[in-house]
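**Student:** Quick one: structure below, then a few questions.
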Amino acid sequence: MASHSLFPCLTVLFCVMSVLAPFSVGQLDYSYYERACPSLHRIVRWNVWEALRSDSRIAASLLLLHFHDCFINGCDGSVLLDDTYYFKGEKNAAPNRNSVRGYETIDIIKAQVERACPSTVSCVDILTLAARQVVVMAGGPFWPVLLGRRDGLSASEKAANEQLPSPFEPLDKIGQGRLFNYQDSGKPDPNLDSSMLSNLQCTCPDTDESNTTLTPLDIQSVTRFDNAYYRNLMNNSGLLESDQALMSNSQTSDMVKSYSLYPHLFYKDFAASMVKLGNVGVLTGRTGQIREICGSVSNRMFLSSMFSPSVRQSLSTVLASVCMFLLVIV
């Protein structure tokens, strides 16, 4: 099984942004938590740094977590939800199982944010900030993040299985959801660079039935954010079929060449794409909720979000009348 690098989760990002659901930034703001939770950014920075210091793979993991969240019905933190009686979440969907990680980092940040600013910051905003922060700490570009997203109330294993792009997709299918699995590294593409193919055959023998062997997808800079991924493609060293498919089309192959030669151009376009990704299908206003724990829907806030202020006022009036009636008859 391929290991995390900073690129496999974004192999098709530039190609799919145009076909994702329209994004909305209606009530989002860069300074949304400036007064309500002034310590938010400091808490995120510190904990992302701690996570990266102890686990270099967490950079790719948090980026992948953000990508898989936004790709399924928009950025609403649904990928963070555990299974319940009412729905099967996305954590154990085929594209995420034994692949997506970083949940513990988000939980740690959320717990500290809740202590500092109870019921104020959504889990999806924390995930979005963490993804940006870890890319910057790994040497990548900074991009502005609008804030004020609210957490979704449900998740769908079925949607994750059907909508996440597969690493086996040819170029003309990229952007159309299909079951996502990493390429079996024990049987790599025979068109790979010969030296890379030889290394993979040694690293991932056919006898590895557990399919848990890890191999870098970017052997030149496993833990750094850079443009080595595109240089690898130019050398026919893309591990996933969907990666190397970018070289099969003149338009995308020109893009690969430009990014391999001009890293600043890649950084600029990557940052712009991440801004678009983070604003896909967001919930604002009274839709969704602010979860108290990222892995579960907050029942108290869920019930509150079901009713408009006018309905809640009417219910309060009815309850008050009932109480007065009970006092009279008693």
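Cβ from N, Cα, C; glycine included.
Annotations per TrEMBL:
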- 1-26: signal peptide (SIGNAL)
- 27-298: domain 'Plant heme peroxidase family profile' (DOMAIN)
- CYS37-CYS117: disulfide bond (DISULFID)
- HIS68: active site, proton acceptor (ACT_SITE)
- ASP69, GLY74, ASP76, SER78, GLU90: Ca(2+) 1 binding site (BINDING)
- CYS70-CYS75: disulfide bond (DISULFID)
- CYS123-CYS294: disulfide bond (DISULFID)
- PRO165: substrate binding site (BINDING)
- ASP218, ASP226: Ca(2+) 2 binding site (BINDING)
**Student:** Which recorded positions are spatial neighbours of CYS75 (disulfide bond) here, meaning Cα within 10 Å, out of HIS68, ASP69, GLU90, PRO165, ASP226?
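**Tutor:** So far as Cα distances go, the recorded positions lying within 10 Å of CYS75 (disulfide bond) are HIS68, ASP69.
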**Student:** Check the Cα-Cα distances from PRO165 (substrate binding site) to the recorded positions CYS37, HIS68, ASP69, CYS123, CYS294 and tell me which is shortest.
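**Tutor:** For PRO165 (substrate binding site), the closest Cα among CYS37, HIS68, ASP69, CYS123, CYS294 is found at HIS68.
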**Student:** How far is it from CYS117 (disulfide bond) to CYS123 (disulfide bond), counting Cα to Cα, in Å?
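**Tutor:** Rounded to a whole number, the Cα-Cα distance is 13 Å.
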**Student:** Neighbour count, 10 Å Cβ-Cβ cut-off, for ASP226 (Ca(2+) 2 binding site): what number do you get?
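**Tutor:** A count of 18.
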**Student:** When the pLDDT values for the domain 'Plant heme peroxidase family profile' (27-298) are averaged, what is the result?
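**Tutor:** Across the domain 'Plant heme peroxidase family profile' (27-298), the average pLDDT comes out at 84.
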**Student:** Checking the recorded positions CYS37, CYS70, ASP226, CYS294, which are within 10 Å of SER78 (Ca(2+) 1 binding site) at the Cα level?
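**Tutor:** Cα filter at 10 Å returns CYS70, CYS294.
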**Student:** Given the recorded Ca(2+) 1 site (ASP69, GLY74, ASP76, SER78, GLU90), which additional residues of the same chain have their Cβ within 8 Å of the Cβ centre, ordered by sequence?
**Tutor:** CYS70, ILE72, ASN73, CYS75, GLY77, VAL79, VAL124, GLY152, ALA155
**Student:** Of CYS37, HIS68, ASP226, which is closest to GLU90 (Ca(2+) 1 binding site) if I measure between C-alpha atoms? They're all recorded positions.
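**Tutor:** With Cα distances computed to GLU90 (Ca(2+) 1 binding site), the winner among CYS37, HIS68, ASP226 is HIS68.
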**Student:** Where among the disulfide-bonded residues CYS123, CYS294 do you find the Cβ with the fewest other Cβ atoms within 10 Å?
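**Tutor:** Counting other Cβ atoms within 10 Å of each of the disulfide-bonded residues CYS123, CYS294, the minimum falls on CYS294.
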**Student:** Closest to GLY74 (Ca(2+) 1 binding site): which of the recorded positions CYS37, HIS68, ASP226, going by Cα position?
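**Tutor:** That would be HIS68, nearest by Cα distance.
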**Student:** Which site among ASP76, PRO165 has the most other CB atoms no more than 10 Å from its CB, taking these as binding-site residues?
**Tutor:** ASP76
